[in-house]
């Protein structure tokens with residue numbers, strides 16, 4: 001597995017933060033690094049496999065990667081990212097309490113993926129632009145100013161995650177996307193789901209395609225297939241059981257779709273493990 005080292009990304013040993021833009025981000029194999037990373041999705045779509053679990057990416061996704069996590073990007077489609085790198089939550093000279101504004105693992109569950117709305121993405125652009133420039137010097141006041149901008153960015157993201165579940169259409173669409181991610185095995189009737197999240201059906205179709213680059217049904221099928229691949233790799237369930245657990249009513253149809261998506265059959269994937 002590829003290991004990325006901080007010495008290759010930070011401008012100096014005293015630099016607390018580094019910015020790496022990916023415009024666009026191409027597919028990248030599984031890797032980990034000796035620093036922390038905040039991945040902010042500005043445009044496009046793709047799949048982020050984080051510690052073996054697949055997450056679909058779209059504009060407004062924010063991913064928090066620790067120094068012991070492993071991840072990869074695949075199926076990227078004009079995926080524009082800004083990566084904010086920092087050494088560790090407790091590695092700043094003048095900041096304390098950074099961990100309060102980061103995801104916290106609870107009972108083995110780490111909420112690594114957040115969402116923020118378009119307004120927050122606009123608000124943080126100037127902060128990211130400031131962080132792109134290394135501190136003017138190694139003087140304590142320049143390091144302190146640089147760290148303070150990072151804290152502003154972190155607080156903006158945290159506030160944005162707390163408020164994105166608002167009652168406007170964008171907030172309700174984000175709630176719907178999160179529901180689909182967490183309930184991939186349930187049967188979906190789009191008119192009922194539109195009513196559940198108080199979205200006109202045509203608006204749901206249009207906005208979901210704008211956010212993900214896919215029709216709702218294509219997006220749902222992709223979610224099912226990604227979860228099925230995860231089950232094939234990390235469970236002992238049979239191919240037939242996995243097909244039903246992941247929302248497919250017919251195992252043969254599942255195998256056909258799986259091969260079309262990943263260029264190999266479910267059984268071929270299993271045989272390679």
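Quick reminder: no glycine exception, Cβ is built from N, Cα and C everywhere.
Just so it is clear, the model here is predicted, and its values are computed rather than measured.
When Cβ-Cβ distances below 8 Å are used as the criterion, the DNA-binding region (191-212) is approached by residues 45, 56, 58-60, 169-170, 172-173, 175-177, 179, 219 of the same chain, each at least six residues removed from its ends. Annotated DNA-binding region per Swiss-Prot: 191-212 (among others), in sequence order.
Summarising the annotation, Swiss-Prot assigns DNA-binding region to 239-262 (among others) and lists sequence analysis as the type of evidence. Note on the DNA-binding region (239-262): residues 184-187, 220-222, 224-225, 227-229, 231-232, 269-270 of its chain, located 6 or more positions outside it, place their CB under 8 angstroms from a CB of the stretch.
Averaged across the domain 'HTH araC/xylS-type' (174-272), pLDDT for the predicted model comes to 92. Summarising the annotation, Swiss-Prot assigns domain 'HTH araC/xylS-type' to 174-272.
Annotated site 'Interaction with sigma-70' per Swiss-Prot: 241 (among others), in sequence order. The Cβ of residue 241 (site 'Interaction with sigma-70') lies under 8 Å from the Cβ of no residue that is in the same chain and 6 or more residues away along the sequence. The secondary structure of residue 241 (site 'Interaction with sigma-70'), as reduced to three states from DSSP, is helical.
The annotation site 'Interaction with sigma-70' is assigned in Swiss-Prot to 250 (among others) on the grounds of sequence analysis. The Cβ neighbour count for residue 250 (site 'Interaction with sigma-70'), using a 10 Å radius over every protein chain in view, is 12.
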